[in-house]
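Contents: one structure, followed by commentary.
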Amino acid sequence: MTANIPSLALPGSSARVPQIGFGLWKVDKARCADLVVEAARLGYRAFDSACDYGNEEEVGDGLSRVFATGLRREDVFVTSKLWNTYHRKEYVRDACLKSLRDLKLQYLDLYLIHFPTISLRYVPFDQRYPPEWIHDPDAADPKMELDHVPLQETWRCMEDLVREGLVKAIGLCNVNVQTLVDVIAYSEIQPSVVQVELHPTLTQEKLVRFVQQECGMLCTAFSPLGSGSYVELNMASAEESVLNRAEVKQIAASKSKTPAQVVLRWGVQRNTVVIPKSNQVARLEENLNIFDFELSDSEMAVLSGLNANRRLNNPGEFCQGMGCFIPIYD
């Protein structure tokens, strides 16, 4: 692991997770393999992927090139995620194997359930992959179609993946405390990681505290820079970017850093793992250079004080446009 990137212990194992990784959501397929190679050259050793991102084959091409340079597989931490259409017990293993084939790996370091409380009707691989949200885009009334699968059923299969050696650790994304408590109650293999949306306008202080202090799990922050990735999806406005806030700019100027570096540093000093994405090599390098300065307690408080409970990735809102109302956080 690159020496200047701190890491956190992965609960239940001897592995460690770099505190910053390359998030692969919305990374352009045409450039994805090259960007993975460039990220590894810059020092990234964690890559956060998912079936639903639609670029795991390209990620796998990039990782193969990285390993061909001599970097060892055990020095790279790769995450993927189980999509909503594969929650039933007969599909979990096949979905994991599909991701492994695409990524050209023998095992995953971490496998997460992407949306544990949203199970969708199965779509075969040869019909459409990734299946995304809508069950049949060609239907007269295309919409999401729920398949109410007990989370315990899915979790048992996730545990079996660990026992089989296909994955090293398992966890959950997009959950609240109630769901996490439920999984803990029946787990034979405990979740190691909880990945949720975290940035200064959605600090989720209580959830982070519960995950870290009460459960002893790692907390990973997706969308750690806030609204940027959601503007083109019409899920946020450019004006609400936390990077444009005067408080962030002032701290950045005092540190001779960019607003993005300050916000990522805030995430790191909360003892979370941050996984920013980018399609630009220069931005990948910028995001990585956050370990040569610190924020004071008062600066951390200023950034946390920007919290507005602004959830950008909210199925309770965006699923309504696909004929389904499922407010998973209410």
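The chain as shown is numbered from 1 upward.
Placement of Cβ uses the backbone N, Cα and C atoms for every residue, glycine included.
Just so you know, TrEMBL annotations never went through curation; they're auto-generated.
These features come from TrEMBL:
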DOMAIN    20-306  domain 'NADP-dependent oxidoreductase'
ACT_SITE  TYR53  active site, proton donor
SITE      LYS81  site 'Lowers pKa of active site Tyr'
BINDING   HIS114  substrate binding site
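It is HIS114, among the recorded positions TYR53, LYS81, HIS114, whose Cβ has the fewest other Cβ atoms within 10 Å in the structure shown. The separation of HIS114 (substrate binding site) from LYS81 (site 'Lowers pKa of active site Tyr'), Cα to Cα, is 5 Å. Distance from the CA of the residue listed as 'substrate binding site' to the CA of the residue listed as 'active site, proton donor' is 11 Å. Under DSSP, HIS114 (substrate binding site) is assigned to coil, being neither helix nor strand in the three-state scheme.
Under the DSSP three-state reduction, LYS81 (site 'Lowers pKa of active site Tyr') is assigned to strand.
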